[in-house]
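> My questions will all concern the structure given below.
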Amino acid sequence: MKILIIFVIAITVVGVQSKDGYPIYSTGKSKGCKIECVINNKYCDKECTLKGGSSGYCYFWKLACYCEGLPDSVAVWTYAENTCGR
């Protein structure tokens, strides 16, 4: 029973320490912009896993990669802190 409780707590903690969102470029001319795509899920999945995420896909309507399970240390795009093109 104790092992089950520890397992549930561990899963909860892992869930709290990850986030989902649009990863952004951290350098170059596109700094602060979402990583763009058209229909290439493999590309986005690779970019997301390289950043420590669990998976990723191309969100077609936004033309940008969307990552799931990113570490909190990875910057993601937010409307409030949008610096793309500035």
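Note: Cβ is positioned from N, Cα and C throughout, glycine not excepted.
Feature list, courtesy of Swiss-Prot:
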type	residues	note
SIGNAL	1-18	signal peptide
DOMAIN	19-85	domain 'LCN-type CS-alpha/beta'
DISULFID	Cys33-Cys84	disulfide bond
DISULFID	Cys37-Cys58	disulfide bond
DISULFID	Cys44-Cys65	disulfide bond
DISULFID	Cys48-Cys67	disulfide bond
MOD_RES	Cys84	cysteine amide
> May I ask for the distance between Cys44 (disulfide bond) and Cys58 (disulfide bond), taken between their Cα atoms and rounded to an integer number of Å?
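If we compare the Cα positions of Cys44 (disulfide bond) and Cys58 (disulfide bond), the gap is 6 Å.
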> List only the single closest residue to Cys37 (disulfide bond), chosen from the disulfide-bonded residues Cys48, Cys65, Cys67, Cys84 by CA-CA distance.
Cys65
> Quick check on the disulfide-bonded residues Cys37, Cys67, Cys84: which one has the highest count of other Cβ atoms within 10 Å of its Cβ?
Cys67
> So what's the mean pLDDT when you look at the domain 'LCN-type CS-alpha/beta' (19-85)?
94
> With Cys48 (disulfide bond) as the reference Cα, tell me which of the disulfide-bonded residues Cys33, Cys58, Cys65, Cys84 is the closest one.
Cys65
> At the Cα level, what's the spacing in Å between Cys58 (disulfide bond) and Cys33 (disulfide bond), rounded?
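The Cα atom of Cys58 (disulfide bond) is 15 Å away from the Cα atom of Cys33 (disulfide bond).
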> Just name the most isolated of the disulfide-bonded residues Cys33, Cys44, Cys48, Cys58, Cys65, going by other Cβ atoms within 10 Å of its Cβ.
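Comparing Cβ neighbours within 10 Å for the disulfide-bonded residues Cys33, Cys44, Cys48, Cys58, Cys65, Cys33 has the fewest.
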> Specify the secondary structure state of Cys44 (disulfide bond) as given by DSSP, simplified to three classes.
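In three-state terms, Cys44 (disulfide bond) counts as helix.
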